[in-house]
Amino acid sequence: MTLNTILRRVAAGIVFSAVAYGGAAQAETFTLGSQVPLTGNLARVGTGMHEGISVAIAMANKELGGKHEFKVSTIDDESNPAKAVAAVEKLASEGVVALTGGYGSNIIGPASEAAAKSDLVYITSGGVAPELTHRDLDTFFRINNSEGYGKAMLGLLKDMGVKKVSVIYSNKEATDAMAKYVEEGLKEAGVEVTTHEFDASTTDFKSIMNKVKLRDRSDAIAMIGYENDYVGILRAASVLKPEAKAIVGVWSLATSQMNTEFHDLVQNVYGTSLLPYPVKFSGDEAVEFSATYKEMFGKEPDYLGQFGYVQTRLLIDAVVAAADKGEVSGKTVAQELRSLKADTLIGDVAFDENGDNPNFSHRMGQHQGDRVEIVWPEKAATAKMNFPAVPW
Amino acid sequence: MFELTLQAVYSGLLAGGWYAMVALGLALVFGTMRIINLAHGELVLLAAYVAFEMERSFGLNPIAAIPVALVVVGLTALLVYFLIGRIRHDRELNSLILTFGIAIVLTNVILMTWSADIRSTSVGWFMDGAVIADTLFSMNSEVLFFGAGVALVGGTYWWLNHTWHGRALRAVSSNRNAAMLMGVNPARVEAMSFVVSAVLATVSGVALYTASVVFPALGHGLTIKAFVITVLAGLGSVPGVLLGAVILGVGETMTATFAKPSLQELTGMVIFLLILFLRPSGLFGRKVVGK
């Protein structure tokens, strides 16, 4: 055997080993990227979503039993669109197979475009603005949308039979879109609507509430904002006491945390809610999710964790399906996501050609004492709504 | 219309009293050291979180938590002062970068210690309505801390004009070298300005905790508001700070009432730019004559 032949065989051996090792690694271990706000204005919601993502990874690894393993590489986008794009680019350079996370439509927009440029699927539950699914991005998916929240809020207000509604909303992209949806829906139903747009940094709502009290004289007040906005609006309302029969909000309001921390302030207030509180999970997956969540974070799961979990489980299922067919790429993972129809913790999920989930619809909960009861739709209700009723 | 106007002016006045407390701390340090402490908003926020922690852990009323908050915020302010003192070159510019960095560190310390959840007092009295003549509405906490704000601003004004330490601070602000020749220790006076600034930050932080909600990202916005008022006031003017704060507060509430609430932050910036354009030295500032 000549030296040349030996060298050729050694080289062939190295190449074979590298290919074999590389192939095995690709088949077994997948790293998902997660760009979420863990600091900045959206830190609270980003942290909640990230907890759900971590639960999904833990449960999937247990379920897959070593056949495949999933990891998550997380970068804090600091609630900043530019940093979110940089985070996505960095995660792409690290070789993640897909992305789960994102909060805030104005952040998710550019971040998901950066993901598309790197041929990576981007799945989220943190951006509900309608524009996000009208960009011809084949790799963008979301499990919820403003219509789902809007339908629930509209449905409740229509069932109450109110004649005049004041809509108080934050000027952020998602809340603005949601407010317009609600305004149009109410007007179509013959309800008189007045709107009050506020800046996201507003803390004193007495000027707005005084207009609602003296000028609008509405039957109901609809709040579209975030936790700190709700507390400010409700405090102003408690001081000025407008003659409203109901106060209705959307996300982040009918939660266990708001019930505990702002108990008196939120009594009889409505908000979107998938489950009552104290939460009662039924079904194997839901019970396991709840147990894993409590084990990992020492607290009851909230809706942010649920959404983060669902989006990540769907992504994991799609990556596994693509891997089993032999190729994991943005195109194949997107194909798998488009073909799935899943019954999840947030209801049925099936994606349309734009990556949206048209099945998404929410329920409305109401703070009643120490509980959050589901009061709309009637078929899902756990208690009758207290109406008319306000916190003061 | 009349009721709306009255309420807008009243709410703006109450907000102005609180803004003045926040801004005066920044203005004092700016006046003495020519330094914009970009971590001032975070000091206010730190006081709010200490009050929260005292209430959560020991059931302490936020007012009773003020001494503890003062110690924590005072020590943090002195640490900021110590770090600024390490700057040897181009202090005015480099201190901006340094205090901006400290602000980021403080925000993250608050985030890691108390999480990103929103916090506010659970003592009901602070949120109860204080109604005047069935027309003017506010929360008890707003009235209480408006009074505290005006008293502190007035007290600071008196202290600056009628005590040796106050006069020493003004002397350093006016001419550092001349003050040294008169036996004033500028380092001690500068440290004192940070301590007085910490007292103001502490009371305004506790006020914030009782009247509103706090979360870790809030500090930056407070610093900007304080900076706007400092510029409106003019360098070293305590009455200017109070007037600037009230103008800003009333401007915001009038905009929210008679235009769009979403424009109220813009109103503050428009007032800021107008003053910069028409009176660059501020409402009460003296014109600097070039040599």
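Numbering starts at 1 and runs along the chain as displayed.
Glycine is treated like the rest: Cβ placed from N, Cα and C.
A TrEMBL annotation is a machine prediction, not a hand-curated record.
According to TrEMBL, the transmembrane segment annotation covers B:6-28 (among others). Counting residues 6+ beyond its ends, the transmembrane segment (B:6-28) has Cβ neighbours under 8 Å at 36-37, 40-41, 43-44, 132, 135-138, 142-143, 145-150, 152-153, 156, 169, 193, 196-201, 203-204, 207-208, 211, 222-223, 225-227, 229-230, 233, 236-238, 241-242, 244-254, 256-258 in the same chain.
Summarising the annotation, TrEMBL assigns transmembrane segment to B:35-52 (among others).
As annotated by TrEMBL, transmembrane segment applies to B:64-84 (among others). Residues 33, 35, 37, 39, 43, 46-47, 50-51, 54-55, 91, 95, 98-99, 102, 106, 190-191, 194-195, 197-199, 201-203, 205-206 of the same chain lie 6 or more positions beyond the ends of the transmembrane segment (B:64-84) yet place their CB under 8 Å from a CB of it.
Under the heading transmembrane segment, TrEMBL lists B:96-116 (among others).
The transmembrane segment annotation in TrEMBL covers B:143-160 (among others).
The transmembrane segment annotation in TrEMBL covers B:191-215 (among others). With a cut-off of 8 Å between Cβ atoms, the residues of this chain six or more beyond the transmembrane segment (B:191-215) that come close are 18, 21-22, 24-26, 28-29, 31-33, 37, 40, 43-52, 62-63, 65-66, 69-70, 73-74, 76-78, 80-81, 116-121, 123, 126, 139, 141-142, 144-145, 148-149, 152, 156, 159, 165, 169.
Taken from TrEMBL, the feature transmembrane segment covers B:227-251 (among others). Long-range Cβ contacts of the transmembrane segment (B:227-251) within its own chain (Cβ-Cβ under 8 Å, at least 6 residues beyond either end) map to 8-9, 11-20, 22-24, 26-27, 30-31, 36, 150, 153, 156-157, 160, 170, 173, 264, 267-269, 271-272, 275-276, 279, 281-286.
If you look at the transmembrane segment (B:263-282), the same-chain residues 6 or more away from its ends with a CB under 8 A from one of its CBs are 225, 228, 231-235, 237, 240, 244, 247-248, 251-256, 288. Per TrEMBL, transmembrane segment is recorded for B:263-282 (among others).
Sequence-distant neighbours of the transmembrane segment (B:35-52) (same chain, 6+ residues past either end, Cβ-Cβ under 8 Å): 22, 25-26, 29, 62, 65-66, 68-70, 72-73, 76-77, 80, 84, 91-92, 95-96, 99-100, 102-103, 106-107, 110, 113-114, 119, 121, 197-198, 201-206, 208-210, 214, 216, 218-227. If one looks beyond the transmembrane segment (B:143-160) by at least 6 residues along the same chain, the residues whose Cβ comes under 8 Å of a Cβ in the stretch are 13-14, 17-18, 20-21, 24, 28, 126, 130, 166-167, 169-170, 196, 199-200, 203-204, 206-207, 210-211, 238-239, 241-242.
Residues 35-39, 41-43, 45-46, 49, 52-53, 76, 80, 83-84, 87, 215-217, 219-220, 223 of the same chain lie 6+ residues outside the transmembrane segment (B:96-116) yet bring a C-beta within less than 8 angstroms of a C-beta in it.
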